[in-house]
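Only one structure is covered here, and it is reproduced in the block below.
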């Protein structure tokens with residue numbers, strides 16, 4: 001037997017397990033992944049049999065099949081590192097699986113990846129894919145008969161007047177409070193202890209940052225806690241979910257509840273578009289994201305991959321040396337995931353990224369314009385469709401202007417390498433060398449339909465409103 005055939009030998013156990021492989025996952029990579037697993041499982045009595053039982057009888061209950069957790073939680077297979085449960089779910093169930101954010105362990109699993117135990121379960125039938133929650137339609141009054149005094153416009157205007165000349169800054173995860181560290185401030189006039197470096201006003205009625213369903217305190221390779229479907233009335237720690245009635249003043253009695261028009265959310269063909277800027281100059285065409293997993297990096301991509309927005313391809317005659325130097329440091333950039341009605345940003349660059357997301361700031365009780373620094377290797381949830389839906393449902397009862405204000409939530413700004421705000425010498429995002437603007441199409445189109453149904457505003461929208 002020559003050396004080549006010796007190393008290309010595939011054990012019967014590996015061949016047997018590969019028989020259940022799904023889709024067109026790379027043959028050699030899948031084989032190496034399964035081979036590495038077999039070597040680990042052979043050390044445990046009954047583990048191989050349990051895995052084969054799970055794969056051959058997917059509808060039947062099965063036990064956990066575990067391997068030891070590595071120091072960083074990841075497993076290396078042929079120069080590619082990944083989370084073990086994601087790797088084997090990809091091999092045996094979902095070849096298109098992109099991220100750990102898409103998986104949720106079943107209740108029967110005793111060693112789910114997120115539990116941080118010494119052993120981690122890789123049984124692909126102990127996990128399920130997160131499904132996008134069905135958002136209830138917004139009920140828009142057919143005839144606007146409420147008193148304009150009930151409008152929240154005054155609150156938003158006051159909020160705008162209280163905005164600092166420069167955005168406040170927060171660093172992930174240091175500025176993000178750990179669960180249950182502060183009670184929820186009920187008064188819309190109270191200052192928010194979460195707000196970094198300031199006691200200025202933040203979003204009135206924003207939910208507490210102790211929501212256990214939020215992965216903000218975890219590094220990129222750690223999955224968030226289990227996704228909670230909307231029908232589950234309890235959060236993971238047994239506490240009640242946030243009270244949506246706290247998000248806006250009570251429904252004005254002038255509105256006849258029966259006389260409403262339902263406006264449903266529809267998922268668009270492209271979930272977002274991304275525009276690239278250098279200082280205050282837009283560069284190149286907008287990138288329209290059809291894949292739920294999008295890379296924005298500093299490289300060039302001759303294959304014209306539809307899942308990548310390569311900033312290295314874009315030219316600008318007005319580019320100065322600072323911009324050139326910054327572009328060289330973008331590197332792997334940012335990975336954007338749209339999973340289960342939530343948007344995550346994972347920093348793959350060696351340099352930090354800086355994010356201004358009003359939805360994220362609302363969730364954590366920060367000032368609306370706060371800029372959050374995401375260091376290399378970390379991920380942050382930057383938008384939540386369900387929270388947005390709850391805000392929109394409340395806002396329609398308080399006037400056109402209040403709903404219109406929510407358009408600001410649907411645009412996320414993100415700079416590479418260089419930050420901006422009170423702690424940086426750059427005061428505005430347009431002063432940063434390289435940045436992108438992300439427009440969320442689903443929420444924006446929903447808002448547009450709601451505003452169309454509402455008709456004209458009581459107070460004309462202007463540049464100062």
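Residue numbering: from 1, along the chain as shown.
Placement of Cβ uses the backbone N, Cα and C atoms for every residue, glycine included.
Here is what Swiss-Prot records for this protein:
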type	residues	note
COMPBIAS	179-210	compositional bias 'Low complexity'
COMPBIAS	221-232	compositional bias 'Pro residues'
DOMAIN	12-136	domain 'MH1'
DOMAIN	271-465	domain 'MH2'
MOD_RES	322	phosphothreonine
MOD_RES	463	phosphoserine
MOD_RES	465	phosphoserine
REGION	162-248	region 'Disordered'
REGION	418-428	region 'L3 loop'
Secondary structure split (DSSP) over the region 'L3 loop' (418-428) reads 0 helix, 0 strand, 11 coil
Reading the DSSP string in three states, the entry for the residue listed as 'phosphothreonine' is helix
Taking every residue in the domain 'MH2' (271-465), the average pLDDT works out to 92
Cβ proximity for residue 322 (phosphothreonine), under 8 A, sequence spacing 6+, ordered by residue number, returns 433
Helix, strand and coil residue totals from DSSP for the domain 'MH1' (12-136) stand at 50 helix, 18 strand, 57 coil
